Every structure is written in structure tokens, then in C-alpha cells.
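Input: a single structure, listed below in C-alpha cells.
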């Protein structure tokens with residue numbers, strides 16, 4: 001599945017389930033839908049992978065009222081899942097929105113984990129940003145377990161989202177101006 005941009009109104013959990021089911025050959029994978037329900041264009045700052053990869057590059061921008069479709073998977077022949085962070089810059093507001101996911105290889109030791117945050121300035125994803133999102137440190141909100149909704153305001157934006165709890169995970173996130 002190529003990463004794509006679709007109208008935000010067309011994003012559904014079924015769309016994400018179809019994407020994740022289309023990733024073959026691995027048991028740990030994720031499809032993420034990110035709705036930009038603001039009046040701003042979001043500029044991609046990159047993707048950081050702690051483990052795993054994506055078969056496609058992430059979209060350069062997400063226009064107002066559009067949704068990003070992104071997928072990632074564990075790397076072949078490794079005992080690790082897919083764990084990473086992608087970030088988009090909200091130029092008109094000089095803020096960055098980060099989305100972090102973790103779909104572990106070993107559910108005896110770990111569980112799915114995710115987070116979203118809006119921060120001041122232009123902040124590309126890297127190991128420090130990812131670790132702060134994963135651990136709820138460095139001023140980042142505490143991460144969420146699957147099946148727990150995020151519904152809060154950060155830096156003038158309303159964030160809403162959820163993650164499913166299995167090795168074929170989905171995350172659906174909405175960003176709105178507060």
C-alpha cells in the first residue's frame with residue numbers, strides 16, 4: 001500500500017484495517033490515519049524508526065481537510081516490532097505535531113503503546129523526541145495504551161485519537177484548532 005493522502009471525511013477504521021491487512025509476510029504492522037481538520041497545510045519533517053520500517057515514503061504535506069495514510073512493519077528476520085515517530089510542521093503556527101507508535105514483537109514483555117503531542121517550533125523526529133514521547137518525559141504527555149482515547153488540548157490544538165490492541169494495529173488521529 002502506497003502512503004496516500006485522501007479527503008479527511010473518507011478516513012475510517014475500515015480503511016486502516018484494509019491497509020494493515022495488505023501488508024503481507026509479517027505479523028507486527030500498523031496503519032495510521034492522521035486527519036488534518038485545521039485550515040493549515042502540514043509539512044513533513046520526517047520519520048524516525050526505532051525498529052521496523054515502511055515500504056513507502058511518507059507524504060510531503062497534508063493540506064487542510066485531508067488525511068494521511070501511513071503504514072509501517074517490523075523488519076524481516078528480526079525479533080523486534082515496529083516502533084517509531086513521524087512529525088509534521090504547522091508553519092503558520094510555528095508548531096510541530098508528533099505521532100509515536102509502538103507495536104512490539106513480544107507481547108509477553110510489552111504491549112502496544114502510542115502518543116501524540118504538539119510542541120512549539122520546528123522539531124524533526126529523532127531518537128530524543130521519540131524517547132520523550134515513548135516515556136512521557138521532556139515535557140511530552142504520558143503515552144497511551146491501546147483502546148484508550150486521547151482527547152485533549154495542547155498548544156492551541158485539539159487532539160483526538162485511539163489505537164487498537166493487536167499485532168496488526170491501527171491508529172486514527174484527528175488534529176483540530178482549539
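Cβ from N, Cα, C; glycine included.
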Would you identify which residue of 20, 26, 83 Swiss-Prot lists as part of the phosphocholine site it also attributes to 51, 102, 104, 134?
-> 83
Expected hit for region 'Trp-rich region' in Swiss-Prot across 84-100, 101-117, 135-151 is 101-117
How many of the residues that make up the region 'Trp-rich region' (101-117) does DSSP mark as helix, as strand and as coil?
-> 0 helix, 8 strand, 9 coil
Per the Cβ under 8 Å criterion, with at least 6 residues separating them from its ends, the region 'Trp-rich region' (101-117) contacts 28-30, 32, 50, 52, 72, 74, 78-85, 133-134, 136, 140-146, 150, 154, 159, 161, 163-167, 169, 171, 173
Chain-internal residues, separated by at least six, CB under 8 A from residue 104 (phosphocholine binding site) = 28, 80, 81, 83, 110, 111, 112
Relative to the Cβ of residue 134 (phosphocholine binding site), which residues of the same chain, six or more apart in sequence, are found under 8 Å away?
-> 50, 83, 100, 102, 113, 115, 143
Number of other Cβ atoms within 10 Å of the Cβ of residue 83 (phosphocholine binding site) across all protein chains | 24
Could you check the binding-site residues 51, 102 and say which one's CB has the most other CB atoms within 10 Å?
-> 102
